[in-house]
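For reference, the structure is listed below as structure tokens.
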């Protein structure tokens, strides 16, 4: 099946950096990025490390920005909606943090032309002290810790090794081991892998990163045994005809291709970070045929 070429983002001013946040210290040792597991995701501890994680490989997600996080504004004032400012004021009363200058604009569900014509921003003081931080998903956290060996993850004041980290993440998310196998598979193919929940899938795949290209594929993980039978309790998505047709139509409307990734387990139906070589992964691309094809 013919693959569609990735669509480049318009007006991107960033330049691609290294594929992984590998930095050497003066002692010629790999710099370890510190992070903490909060029971749901992994938070980068140091502010200086946030930009390293996002800029080198595009791992993680900022808690404020929809796209590339804004870790510093170079003297520029932030623009907040009225509802955002009110929440920050509440936090500021409790924390008594340092004040920063912000522009506050009215709330709106859309950004239509009349909204900008009637815009009356106010110059206000933000006392919340909130700063943008980066959170990592379970799959990319384990990948950076175990494979790339640049991330040191703590939980309850204890640094976790790969074995404890795998067990903790598997207990947190039933689907983690299977999603991780697929995550590493596509990372090895130089794809930037991000969560795909926005498009109804498990992952979306980017060339270089979301700042440079739109996502090319929406990936759905489907777990099979060695007899090629679906293991229903390990499959997050329905692959009934109606569900597939709806999801494929959604992907095509968004300019992406749907890919079902069959994860075929061994005869024991078990998977671990040290036996991924026993897992077979098969890609199936879907494309809606039209009269013009």
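Note that Cβ sites are derived from N, Cα and C of the backbone, with glycine treated the same way.
Because TrEMBL annotations are produced automatically, they should be read as predictions rather than curated entries.
Note that the structure is a prediction, hence the values are computed from the model and not measured.
With DSSP classes pooled into helix, strand and coil, the tally for the domain 'tRNA intron endonuclease catalytic' (178-262) is 29 helix, 26 strand, 30 coil. Per TrEMBL, domain 'tRNA intron endonuclease catalytic' is recorded for 178-262.
Summarising the annotation, TrEMBL assigns active site to 206 (among others). Note on residue 206 (active site): other Cβ atoms within 10 Å of its Cβ, all shown chains, come to 21.
For residue 214 (active site), the same-chain residues lying six or more positions away in sequence with a CB closer than 8 A to its CB are 6, 7, 8, 9, 206, 255, 256. Residues or ranges marked as active site in TrEMBL: 214 (among others).
According to TrEMBL, the active site annotation covers 256 (among others).
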